[in-house]
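S.K.: Dropping the structure in here first, questions after.
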Amino acid sequence: MVDHLANTEINSQRIAAVENCFGASGQPLAVPGRVLLGEGILTKECRKKPKPRIFFLFNDILVYGSIVINKRKYNSQHIIPLEDVTLETLPDTLQMKNRWMIKTSKKSFVVSAASLTERKEWISHLEECIRHLLTKTGRQPSTEHAAPWIPDKATDICMRCTQTKFSTLTRRHHCRKCGFVVCADCSRQRFLMPRLSPKPLRVCNLCYRQLLAEKKKEAEADHRQMEPIRSAIPGYEPSSGDDSDKSDDDKADQWPADTEFYTSEVSWSSFHS
């Protein structure tokens, strides 16, 4: 399919249409060899509630954003390199069906399709693109993934101390390491996780202790590796130096509140051939 669509006028027009829908807020998407393979609306499980999002599958990236006017205007563009993606099929819940998780090193989240057939199509096309990229680059599948955030409504109490009850005045917070919903007292610490952000991020007390222990162990390992160098070079002195993830989930949705996304005989996704 990629070979068939690459360098064709119809592919260029499709990509230009996507760029136009995101407007100045989006990044340029047209690069040599990139092919738009499919698109559709999936429901993304966000922090506060599930929300419809538009998804575009290219042969090397997955792009998604918020819907302002379907097929005309989107915003809050996110671009995910497919080499970094791992998929996990999830069981249905009372609220959401046809679910699966998109896991990456920076962000992991759950989406659901309008039907079981659409979920199979999405997963099949995603896995084929991922396999092709990994074969082409010689890379191994990613093994480190960011923890998905547990939705706010999943719990009314802190998932660490199990004592604090959330209310209008008592805010919910999320640990960036485990994704748990925690209170302020259980998440006062910050820790630098370069894989997720250049700035220290909020973590719960348990994850903070675990991260400190891991950092200490790494420092001790580095010290052992440097010991032969110190002993081999007389007078050796090591040099010294000084060495917001904004979510679109809190933005007001402009998608009609009464839209039914799971009506029968309605296909929300399409893949090009």
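Any Cβ shown, glycine's included, is placed from N, Cα and C.
Because TrEMBL annotations are produced automatically, they should be read as predictions rather than curated entries.
As listed in TrEMBL for this protein:
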type: COMPBIAS; residues: 218-227; note: compositional bias 'Basic and acidic residues'
type: DOMAIN; residues: 35-131; note: domain 'PH'
type: DOMAIN; residues: 152-212; note: domain 'FYVE-type'
type: REGION; residues: 218-254; note: region 'Disordered'
S.K.: Give me the DSSP three-state residue breakdown of the domain 'PH' (35-131), ordered helix, strand, coil.
M.R.: 19 helix, 51 strand, 27 coil
S.K.: By DSSP, what is the split of the domain 'FYVE-type' (152-212) into helix, strand and coil residues?
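M.R.: Here the numbers are 14 helix, 12 strand, 35 coil.
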